[in-house]
Amino acid sequence: MRTREIEPDVVMYGTIVNGLCRTGNTIRAVSLLRIMEEGSCKPNTMVYNTVIDSLCKDRMVDDAMKLFSKMNEQGIHRDVVTYNSLIHGLCNFGRWKEATRMFREMLDSGIAPNVHTYSVLLDACTKEGKMKEAEGVLEVMIQRGVDPDVVTYNALMDGYCLQGQMDEAIRVFNTMVDRGLHPDDFSYTILINGYCKKMKIDEAMHLFRALPRRGLKPNNGTFNAMLWGLFQTGRCGAAQNLFNDMQAVGINLNSQTYGILFDGLCKNGHISEALSLFHMMESNGLHLDIVKYSILIDAFCKDKKLDIARAIFSNLSSKRLQPNVKTYTMMIRVLCEEGLLHEAKELFVKMEQSGCLPNDVTYNTIIRGFIGQHKCYVALILVEEMVPRGFSIDASNSSVIIDILSTKGQDPSLREVIKKFMPKDSHGMHDIDMLYILVLTKMTIRSSCMNPLILPVRIVVKLGQDRGRKWKSKFEFKFQIREMLCKKMHMVCLS
């Protein structure tokens, strides 16, 4: 049109820009905006708002901020929609300080925030776990005469559910009802999900069954939350019945639904049903990623079917899938449990060669395997590798060490392993001393020769005296040690 000297007006430009943004062509929309800026038909607030909002949704917030500044330079009015888009974009990236600064600038410019503005800010607070600040946003909102809507209260409820504070979430729900608002299916889904995460399945099911009475239909998210909760509490029959109900009422079974069903069946030991579901997903062309394969491998590992787990693991490359750290770690774990330490070590080496770096769980798993087989010299090499990487021995390995020392005596190689990761504590006493106190405590408990706290306290006092340490009083030091032992006794496995 421009080549024929027919200049489009701002409405036509705006329509095209909007269409480009809606179809994910934000960069082309920006290019068209530049043409408008250079031509005789200048972009207005609505055109800028459309592009800014699209940039924020496409994770290009800094570019959106530049356009925002350009609007100011060119004297183009920035309205509540402009600010809302930017505040939302900044909050999505956790740029809380910039979002609040933008909010203050909005107020200083005389632009009144609307319910969407406050809801975005409140939601950002809840995602950060700042519930006090979220309640503050709600209070300011009401004081300024802006009525919270269902979306606002849903965001606040979701925040409390994420914190596990279900009583507070219910309080917000009741407040919403008291203010004459009608909770929607998302309101119920939030609460159902919260109860399921707290393993309060009966309360979740009560709300789930209340939905039809409220004239609401459970959505995919509602069913998925309920399905997950039932599997987590071992109610596999009820979960499978719910899955059948989903199909009967025509709920769209997405990849998340199948993932929950597959994971639930595997973790509850229903491997044959899980395998049938796996093959069904494969034949229906559903995406089977490394997470689902890892779940299946883990299920066979726990079922002591190492050959099948090993075969699936070996076949991953033919599926063009790369095992992740969790996949490698579970295979290393089962190999160690079966006493196949050489194969476990080979896989550990192959893991890093493949570009998948072991994490602290991987190191602790293989170290536990070697210590358990009394091959402490290999464990020492692994400890020497892991410590510079910022990893440390976990409580389960400490328990293994305590058990070996209390039954087999002081293994010199094991003592070297301990020295590599035991720092000094706040009392100036090396934690290795604390470990041997726990060992002696366990030995005392086994022999039942005396009070399990008397011997360790005597040893600690002797350690302090031998090393020239001075304590304020013997009574105070004994009290401190008793307290420390009480806190750490969970590490001692009573025989």
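Here the Cβ of each residue, glycine as well, is placed from N, Cα and C on the backbone.
The structure displayed is predicted, hence computed values, not measured ones.
Sequence annotations record features per position, and here TrEMBL assigns repeat 'PPR' to 9-43 (among others). Confidence in the repeat 'PPR' (9-43), given as mean pLDDT, stands at 83.
According to DSSP, the repeat 'PPR' (44-78) comprises 26 helix, 0 strand, 9 coil. The repeat 'PPR' annotation in TrEMBL covers 44-78 (among others).
What TrEMBL records for 79-113 (among others) is repeat 'PPR'. Note: the repeat 'PPR' (79-113) comprises 26 helix, 0 strand, 9 coil (DSSP; helix = H, G, I, strand = E, B).
Taken from TrEMBL, the feature repeat 'PPR' covers 114-148 (among others). Sequence-remote contacts of a segment are chain residues at least 6 beyond its ends whose Cβ falls under 8 Å from one of its Cβ atoms, and for the repeat 'PPR' (114-148) they are 80, 83-84, 87-88, 91, 94, 96, 99-100, 103, 106, 155-156, 158-160, 162-163, 165, 168, 176, 179.
Tertiary neighbourhood of the repeat 'PPR' (149-183): same-chain residues 115, 118-119, 122-123, 125-127, 129, 131, 134-135, 138, 141, 190-191, 193-195, 197-198, 200, 203, 214, selected by CB-CB distance under 8 Å and a gap of 6+ residues from either end. Sequence annotations record features per position, and here TrEMBL assigns repeat 'PPR' to 149-183 (among others).
Annotation comment: TrEMBL describes 184-218 (among others) as repeat 'PPR'.
Summarising the annotation, TrEMBL assigns repeat 'PPR' to 219-253 (among others).
Only residues 6 or more beyond the boundaries of the repeat 'PPR' (254-288), in the same chain, are considered here, and those with a CB under 8 A from a CB of the stretch are 220, 223-224, 227-228, 230-232, 234, 236, 239, 243, 246, 295-296, 298-300, 302-303, 319. Marked as repeat 'PPR' by TrEMBL: 254-288 (among others).
Annotation comment: TrEMBL describes 289-323 (among others) as repeat 'PPR'. Counting only same-chain residues 6+ beyond the ends of the repeat 'PPR' (289-323), those with a CB under 8 A from a CB of the stretch are 259, 262-263, 266-267, 269, 271, 274-275, 278, 281, 330-331, 333-335, 338, 351, 354, 356.
If you look up TrEMBL, you'll see 324-358 (among others) marked as repeat 'PPR'. Counting residues 6+ beyond its ends, the repeat 'PPR' (324-358) has Cβ neighbours under 8 Å at 290, 293-294, 297-298, 301, 306, 309-310, 313, 316, 365-366, 368-370, 372-373, 375, 378 in the same chain.
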Tertiary contacts of the repeat 'PPR' (79-113), as residues 6+ beyond its ends and Cβ separation under 8 Å: 45, 48-49, 52-53, 55-57, 59, 61, 64-65, 68, 71, 120-121, 123-124, 127-128, 144, 146
Folded-back contacts onto the repeat 'PPR' (184-218), same chain, C-beta under 8 angstroms, at least six residues removed: 150, 153-154, 157-158, 160-162, 164, 166, 169-170, 173, 176, 225-226, 228-230, 232-233, 235, 249, 251
Summary of DSSP states over the repeat 'PPR' (219-253), given as helix, strand and coil counts: 26 helix, 0 strand, 9 coil
